[in-house]
Amino acid sequence: MSRPAATLVLRNAVVATCDRGPSDAGLLPGAAVAVEGRRVAWVGRERDVEAEVNLAGAQVIDARGGLVTPGLVDSHTHLVFAGERAGEFALRCAGRTYLQVALSGGGIAVTTRETRAAPDEQLLAAAAARARRLIAQGVTTLEVKSGYGLDAPEELRLLRIVHQLGRALGGDATILPTLLFHAVPPEQVGDRAGFVRDACASLIPQVARERLAQFCDVFVEDGAFAPDEARLLLQAAKDRGLVPRVHAEQLTAGGGARLAAELGCSSADHLEELDDAGIAALAQARVVAGLLPLSTLFLGSERYAPARRLLEAGVPVSLATNMNPGSAMSENVGLTLSLACLKLRLTPAEALVAFTAGGARALRQPDLGRVARGADADLVLWGCGSPEHLAWHMAVNHALVVVKHGRVVHEAPPAAMVDCR
């Protein structure tokens with residue numbers, strides 16, 4: 001059997017393969033990873049790499065004892081928007097709830113007005129800046145939702161901007177677009193049934209026909225969409241080949257998780273108000289539970305998703321930033337990992353697996369989120385030697401080198417390089 005001809009090798013590493021289940025990061029100390037082109041060609045012991053891999057012509061990175069993981073998969077983001085909601089943040093700091101602000105004319109309505117008024121170039125530039133901040137922290141795959149246009153023409157415009165974002169990043173990250181039904185447009189609040197009917201008959205088929213999205217997501221919540229409305233939208237999307245997902249049980253127990261199980265959604269995200277029946281439904285249907293602890297922190301709540309109960313019930317979990325202007329205005333990967341441990345009670349290994357393999361599962365991307373022969377060569381070298389350190393040293397960017405499809409797309413300055421041995 002011929003040796004793989006490596007184009008990139010990371011040596012002297014602690015490799016986390018993230019392919020051994022939800023609670024095992026698959027740590028391999030004293031290890032190396034060899035990449036051939038866009039794929040992982042070999043993973044094994046450092047002492048074997050020279051005998052088993054052709055290193056002639058390969059770019060070699062000495063990890064110096066640092067942790068090498070799969071590229072992070074941020075499976076839930078809202079990067080395309082304009083404007084700010086800092087004033088709303090101050091109101092919530094003074095005691096108003098998210099729902100109270102929304103019902104008084106704030107919330108999504110504010111972002112919708114600003115986003116509709118912004119030109120494409122402004123929206124693209126802002127989204128690209130947010131994506132670049134995530135890439136610099138080890139994210140190599142991003143799900144990006146529409147949702148702030150609300151009506152059909154604006155939602156189509158936002159999805160086209162998401163596609164432009166992928167091109168603007170030049171292959172430095174994979175962008176997976178989602179059509180999000182966030183709320184009924186203000187122009188159609190008097191005819192909710194008509195809006196849903198038109199979306200099923202026109203918007204969703206056009207999105208599918210033009211291949212503008214891979215997923216369709218619905219916010220199932222008081223003031224957004226009822227389960228019966230969401231069922232119609234998601235079934236129409238599923239019939240057209242889009243993968244259904246839901247925002248579920250974030251602010252109230254609205255039945256979104258059971259709907260996700262019924263429809264075979266790839267994920268049900270948020271879940272702060274999830275009950276035992278919802279957990280059982282997700283477990284039986286093998287729907288991924290999307291954990292978004294930055295949102296809970298940002299909204300000033302102490303009611304986090306029941307992550308431990310989900311894991312104990314056998315529900316697969318993912319971890320994501322939920323970067324958005326209303327409930328998680330942050331791209332901080334390190335803080336997300338730390339909150340997963342401190343508030344969701346995940347172990348550091350579980351948090352890392354959820355942010356890699358879990359995200360890949362939520363997005364139905366089997367070649368992502370793991371370090372294994374044949375998998376996509378999306379890798380991160382961190383300036384520490386363990387998942388525990390990543391979560392312990394809070395809100396810090398530990399990413400030293402980020403690799404996408406076998407190509408270094410981000411590298412920290414030399415002064416940031418550390419020896420972890």
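Residue numbering: from 1, along the chain as shown.
Here the Cβ of each residue, glycine as well, is placed from N, Cα and C on the backbone.
Per Swiss-Prot, Fe(3+) is bound by His76, His78; the candidate from His247, His389 named for the same site is His247. His182 is the residue from His182, His393 that Swiss-Prot records in the 4-imidazolone-5-propanoate site together with Arg85, Tyr148, Gln250, Ser327. Checked against His78 (Zn(2+) binding site) by C-alpha proximity, the binding-site residues Arg85, Tyr148, Gln250, Asn324, Ser327 yield Asn324 as the nearest. Least crowded of the binding-site residues (Gln250, Asn324, Ser327), judged by neighbouring Cβ atoms within 10 Å of its own Cβ: Ser327. For Gly326 (N-formimidoyl-L-glutamate binding site), the same-chain residues lying six or more positions away in sequence with a CB closer than 8 A to its CB are Arg85, Glu88, Tyr98, Gly107, Ile108, Thr111. All protein chains included, His76 (Zn(2+) binding site) registers 30 other Cβ atoms within 10 Å of its own Cβ. Residue pair His247 (Zn(2+) binding site) / His182 (4-imidazolone-5-propanoate binding site) shows a Cα separation of 9 Å. Of all the binding-site residues listed (His78, His247), His78 has the fewest other CB atoms within 10 A of its CB. With Arg85, Tyr148, His182, Gln250, Ser327 listed as the residues that bind 4-imidazolone-5-propanoate, the site has a largest C-alpha separation of 19 Å.
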